[in-house]
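Only one structure is covered here, and it is reproduced in the block below.
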Amino acid sequence: MELNSVLLTAGGSIGFFKLVNCGVSKLPIPETACRNAWKWRNICTSFTHSLITGIWAVLCFFVHPQMAEDLIGTHSVFSHTLVSVSIGYFIYDFLDMVLNQKMILSWELLFHHTVVISCFGITVLTGRYVGFAVVALLVEINSVFLHLRQILRMANLAEGDLYRINSMVNLGTYVVFRINTLAWMTRWLVLNRDNIPLFSYTAGSVGLAIMTAMNIVLFYRLLRSDFLKSSTPTPTDCKESRGQGEGKKET
């Protein structure tokens, strides 16, 4: 994809997720979430992104299986578009937090988004490592359940069976699609050191180190909140990491 196509795709993504946010604002909001309507809209928008990109990332390897054998130079327009769309989402979410949330409450996610946008930006501009970026977006499969957890808590449904089932699925997918994925990506990066320019290798290593540290902290918070004590929401609960992506998402 040419630069103009990348900018158009990312810009379209920003517009799309803005429309999703506006659409959510038109829907009924649980009474318990009314005191923080912005956060409700933001998490619902993040949930939408995770659902779309999680499925899309898996489909990328089905549509173009050769990419799994060469994460550096082989990719399809389908997978390149996915990375561009995700850049647009992270830019949108970054701006949404800057405009609507105090910096002290969102600095971790803002830092996370900056790292992801930088690494994905290198990918789409050079046309290299697209497969590696798609692997990183597999963490969004877990982010679906991570964001659903927050939605249930804000809707005051943290005591029901649905929440308990989601908590177990969330923890299981966290291990499989976040911890294992990050570990595999780190191993791949080390093994392919000779095939990667110093700048890209350094950016990837720093990005993975930051993502790993953030996800370890988030895993401990989830374990403590949902399994080591009562699941009653606490004031310290905040929007979690996405993925490369929450956490949020993170990647």
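Including glycine, each Cβ sits where the backbone N, Cα and C put it.
As recorded in TrEMBL, the features of this protein are as follows:
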{"type": "DOMAIN", "residues": "35-228", "note": "domain 'TLC'"}
{"type": "TRANSMEM", "residues": "44-65", "note": "transmembrane segment"}
{"type": "TRANSMEM", "residues": "71-92", "note": "transmembrane segment"}
{"type": "TRANSMEM", "residues": "104-123", "note": "transmembrane segment"}
{"type": "TRANSMEM", "residues": "129-148", "note": "transmembrane segment"}
{"type": "TRANSMEM", "residues": "168-186", "note": "transmembrane segment"}
{"type": "TRANSMEM", "residues": "198-220", "note": "transmembrane segment"}
{"type": "REGION", "residues": "231-251", "note": "region 'Disordered'"}
{"type": "COMPBIAS", "residues": "237-251", "note": "compositional bias 'Basic and acidic residues'"}
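Only sequence-distant pairs (6 or more apart) were considered; of these, fewer than three Cβ pairs between the transmembrane segment (44-65) and the transmembrane segment (168-186) are under 8 A, so the stretches are not in contact. Against the transmembrane segment (104-123), the recorded stretches 71-92, 129-148, 168-186, 198-220 differ in Cβ pairs under 8 Å, and the greatest number is found for 198-220. Across the domain 'TLC' (35-228), mean pLDDT in this model comes to 94.
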